[in-house]
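Visitor: Once you've had a glance at the structure underneath, I'll fire off some questions.
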Amino acid sequence: MERDQCHPLLREGGRETKYSHGFSSSELEALTGMCEAFIPPLPLNNSPDIVGKDGKTKEAIQSFYKSSGAQYPNPDKVAELVVKRGFMEAVMLVRILLIILSTRLGTLLLCGALCFGKKWPYINKFSDIPVDNREKVIQKWLKHKFLTPIRLPFVLIKFLCLYAFFTQVWEDFKNPAWEAMDYQVDNRKDSSTTPHEKPLMKGMVETTHETESTIVSSLVQKGLRVAEDPKEKLYKIKCDVVIVGSGCGGGVAAAVLAKSGQKVVVIEKGNYFTKTDYSSLEGPSMNELYESGGILATLDGKLLMLAGSTVGGGSAVNWSACLKTPMSVLQEWAKDCQIPLFTSSQYVSAMDTVSQRIGVTEKCSEEGFQNQILRQGCEKLGLEVESVPRNSSENHYCGSCNYGCRTGDKKGTDSTWLVDAVDCGAVIITGCKAEKFVLEKNKYGRSRKSKCLGVIAKCLNGDITKRICIEAKVTISACGSLLTPPLMISSGLTNQHIGRNLHLHPVLMAWGYFPESDSVLKGKIYEGGIITSVHKVGSDDSGVRALIESPALGPGSFAALRPWESGLETKKRILKYARTAHLFSMIRDRGSGEVRAEGRISYTFDATDKENITAGLRQALMILVAAGAVEVGTLQSNGQKFKCKGTSERELEEFLDEVTAAEGPKSLVQNWTTYFSAHQMGSCRMGKSEKVSAVDENGESWEAEDLFVCDASVLPGAVGVNPMITIQSTAFCLSNKIAEILKERKFSD
């Protein structure tokens, strides 16, 4: 792979030298001891006899077994992740734990007799305890069901230590453990001979490359009217429409409105990358392309979320699934929520238009390892399995599109709708984060008490100190279900439904190990299209209970999410990475959550949700068994697993009966689990009145005239399938309506 072509932000290599975590040397010493216990150096006689199999070498395995979490990444890296990605409360808990473990008395309180030594002073600090005893301490606290404030920092450090260890890359852009794991970074690239193009650059201002002295001229060169206000420390820009966000909602809205003749400005806090910029390196890609670096959890730590944070938003990093909104959902939204749009010919036509623009294909010419397993397992059980349409060609065989598509085959908004917008004169300003909408009292006596005049944003580049005020006839929030509500609330809007009714399509994962020597299925889990097949659980008169699909899991995510039982067990499992297939159970959730401040997300499960996700998880395990797995399991904290060979159907049934949707790590239970979400919807839902919704049927705020929402947050509820087509189709309809409103309303210059 020609790493020198990749964008510098996506090709991290070597050790960081500057850190801002603020941990003391004694805290770092305790943290180092913990990292070494999670990933301990092991004697070679523990090395499994798999040398020469699955592409592994004796030297690679021996090196991996000798490696330690105290060696790399250094504890400073883990501490930095704690501070950058953890909640304030979580950071406090971690630091308190480390301070306690950095003293002999504190270590005695938490470790008991395991800290006793044979020499004076007889009581050791945590870092001085033998590694095997440190392991026992961690095992104890990860299972402790009463003092969860102590368990939680152990859980967080475990996750970040393993994630950092397996995503760190050196100057050669490799990780020492990858060879032992039989992992190779995707080296494919666009085979075309055409020069590298960045189709959005003719309409883009990248503030990361600008300074206070250049920003104005760069904006003017793109055709914008810019005035400087030294008193208010603002750059003022005038346009017809300003859109916050460039994903599935914002990208579509930008194209529709620019084509209608409006001068459109899109602001995006992320950066712009194209196919030759992408590296497929998990660590830097997650850090740069996802919200909170891909490490974003609910406040109780029960649920981890993925949300795109780059030009193109989620469409640039999603798994390509293009499923149309189910008819039953459309009828529910039209009847129960009284929104006729969803059963109109306009919406049906919009789904077709969207599918055509992003190049949706119905078939896959060659399926990857995990999707082969899903299909084969279903066929052996007599279950129906369907092909999943994708916004790529039929022969698109990419397992790393979640880090950006290196071939350019996947068609996100960054290569479709936004190109259309720029071709019609739209301007995109990157590295620019919206802070608040500009609202004033409505002078015209209309039903809405306020009028929106635009948005104030800041450049994330520290060289530009002045804010940017973009004045527009219409302002559209399209920064997603996790960020639109906090932005509206911080602007002074008070509708009770803003930030509530958040749906997440919760997911639980099952895994199955398929040794290459024992299976006719070839390939590795990181190869091939991510989602090309789907099985619907319980698709009868009672409706679909869950969907079973396959995920993308890089080495760091795989290691961090697996239950930790011991250092030896962890290393043995890691060596099986390439042939450990995962399937997930995803539900259309009835439960909901709330997000009223950025990054502060809560979520409550409905009892039926847990029943449905459990049914899907059990079915996923059965599919893995039927496909030929020698061992299957879940990600429950106790390492819940079942060896398939030499066991009876009754034993399998007994195991499946024990599989449930467990509580999270904060709950007072011994065995807990982690849920996942890649879809966020409904947190500013549309409706017939302000009593039941945050915006009206056109996406316009009930409180502020000319302020619209055009992203997944306007959806009335959970979709129940991968929502990209639903979001873009809804955005297409709403933005066409906004174009009509712009023609009807009178605006003063």
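Each Cβ is built from the backbone N, Cα and C atoms, and glycine gets one as well.
Keep in mind that TrEMBL annotations are predicted by a computer and have not been checked by a curator.
Sharing the record's features from TrEMBL:
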- 92-116: transmembrane segment (TRANSMEM)
- 146-166: transmembrane segment (TRANSMEM)
- 239-254: FAD binding site (BINDING)
- 240-274: domain 'FAD-dependent oxidoreductase 2 FAD-binding' (DOMAIN)
- 286-507: domain 'Glucose-methanol-choline oxidoreductase N-terminal' (DOMAIN)
- 600-731: domain 'Glucose-methanol-choline oxidoreductase C-terminal' (DOMAIN)
- His679: active site, proton acceptor (ACT_SITE)
Visitor: Quickly jot the same-chain residues contacting the transmembrane segment (146-166) by Cβ under 8 Å, restricted to those at least six beyond its ends, or write none.
Guide: 31, 34-35, 38-39, 69, 72-73, 77-78, 81-82, 85-86, 90, 93-94, 96-97, 110, 138, 175, 177, 181, 282-283, 295, 301, 554-562, 564, 570, 574, 665-668
Visitor: Taking the Cβ of Gly251 (FAD binding site) as the centre, count every other Cβ atom within 10 Å, in any protein chain shown.
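Guide: The answer is 34 other Cβ atoms.
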Visitor: Sort the binding-site residues Cys239, Gly245, Gly249, Gly251, Ala253 by C-alpha distance from the residue listed as 'active site, proton acceptor' and give me just the closest.
Guide: Gly249
Visitor: Can you check which residue among the binding-site residues Val241, Ala253 has the largest number of Cβ atoms within 10 Å of its own?
Guide: Ala253
Visitor: List, in sequence order, the same-chain residues at least six positions removed whose CB sits under 8 Å from that of Gly245 (FAD binding site)?
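Guide: The list for Gly245 (FAD binding site) reads Val266, Ile267, Glu268, Gly313, Ser477, Ala478, Cys479, Gly480, Leu483, Thr484, Asp711, given in order along the sequence.
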Visitor: Where DSSP helix means H, G or I and strand means E or B, what are the helix, strand and coil counts for the domain 'FAD-dependent oxidoreductase 2 FAD-binding' (240-274)?
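Guide: Going by DSSP assignments, the domain 'FAD-dependent oxidoreductase 2 FAD-binding' (240-274) contains 12 helix, 10 strand, 13 coil.
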Visitor: Across all protein chains in the structure, which of the binding-site residues Cys239, Ile243 has the highest Cβ count within 10 Å?
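Guide: Counting every other Cβ within 10 Å of each candidate, the maximum falls on Ile243.
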Visitor: If I take every residue in the domain 'FAD-dependent oxidoreductase 2 FAD-binding' (240-274) and average their pLDDT values, what number comes out?
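Guide: Computed over the domain 'FAD-dependent oxidoreductase 2 FAD-binding' (240-274), the mean pLDDT is 98 on the 0 to 100 scale.
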